[in-house]
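What TrEMBL says about this protein:
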COILED    179-258  coiled coil
DOMAIN    69-123  domain 'HOOK N-terminal'
DOMAIN    183-338  domain 'Hook C-terminal'
REGION    142-166  region 'Disordered'
Amino acid sequence: MQDGGTEATSLMRWLGFYAATDQEQCVVIVGRLLDTAFPAAFAEENMLRGWEAVMATLEGFYEASVGLDVRRLADAVVEPNETLRTVLELVLGAVVQCEKKDQFVKDILTMEDAVQADLMSIIERVMARGVSVVEESREGRVGVMGQTEMQEKEQKTQSSDKQAAGMGSPLYLSRNAALEQTKRENGVLKEENVHLARELDATTKTFREVEDEKLKLVEMVRQLKEQLGSDVLRKERLKALQRELDHAKAELQDKTALATKVPALQDEVDLLRPLADKMAKMDTTVAKYKAKIDELSGAKDTLRSLEGTNAELMEMNLALESKLAKAASWHRKLKEAKEANTAVSIRA
C-alpha cells in the first residue's frame, strides 16, 4: 500500500501540472480540468460557482452523492486537508475515464515513475470504490424510506391526540386535510423510493454483470495475446521451414539436372575408355622414347667430344698436308736439280 503523504504529494504535483501560474487556486484548476473532460456536464452547472460546481459535476459523473462538506474545501485554500485530497482523487478517477482520457494518461506518463505509481494506485482505488459509492447511496435512500415511515407514525400519533382533544374543531379539520395531503405525498415518495431502490438494485446487478463481462473480456484478450504470440512463433517457424524447403527443392533440381546428364556422360566415358587405353599405351611408349632420348643425350655428348677430337685431327691433318706440300715442292725442286745436274753431266 502506498504511503498517504506520498500520494497526497503526487496528487498536488499532478494538479500543479495543469496550473497556469504558481498562485492559481485549486478550485480554478479543478474547474478547468472538469470543463476539459466534461464540457457539456460542467456547462450545465454554470449557475453554481467554485467547489459547488465541482461537486455537482462529480456527483453527475459517479451518479451518487459524494457526501463531502464544501466548507472544508474552503479551508483547504490555506492548507490542503483530507477533503481536498478526496475531491482530487475523485477528479483524477473521473478525467481518466472521459472521452479525452488519452491526453490525461499521456500527461501522467510524462511525470516521474514514483508519481506515476502513486497516481495509478489512486485511479485503481477510485475505480474499485465506484461500486461501494453506489451501495452507500442505496443505503442512504433506504434510510430516507425508513425515516419517512417514522414520520408517518409520528403524524398518526399526533393525529390521534388531536382527535381526542377535539375532532370537530375547524383547526383540526384544516390540520387533518394537510396531514392527509402529506400522507398522500409521502405515499408517492415511498413508491418512488421503492421504484428507485429497485432500479438501483437492477443497475447494481447490471454493473456487476458488466464488471464480470469486463473481467471475461480481459481474460479473453490475454488469451488472444498469448495465442497471437504463439501464432507469430509458428509463422516464423513456417517461414524458416519454407526457406529450407525452397533450398532443398533448388538442390534437388540441380541434382536432377545432373542426373539427366549422367547417361550421356556414361556414353562419353564408354567412348573414351578405348582412348584411355591407347593413352596408357602411348604413355608407355613415350616413357620408352624418353629413355632412348636420355641415352641419345649421352651419345650426343660423346659425339660432341668426338667432333672436338675430329677438329683437332683435321687441324693436324691440314698441318701435315701443308708440310707434305712443302716436302713435295722440295722433292720436285730436288728432282729438277738432279735432272739438270744429269743433263749437265751428259753435256759434259
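Placed from the backbone N, Cα and C atoms, the Cβ positions cover glycine too.
Whatever TrEMBL says is automated annotation, not expert-curated.
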Problem - Predicted model, mean pLDDT over the domain 'Hook C-terminal' (183-338) - result: 84
Completion exercise
DSSP assigns the residues of the domain 'HOOK N-terminal' (69-123) as 40 helix, 0 strand, 15 coil
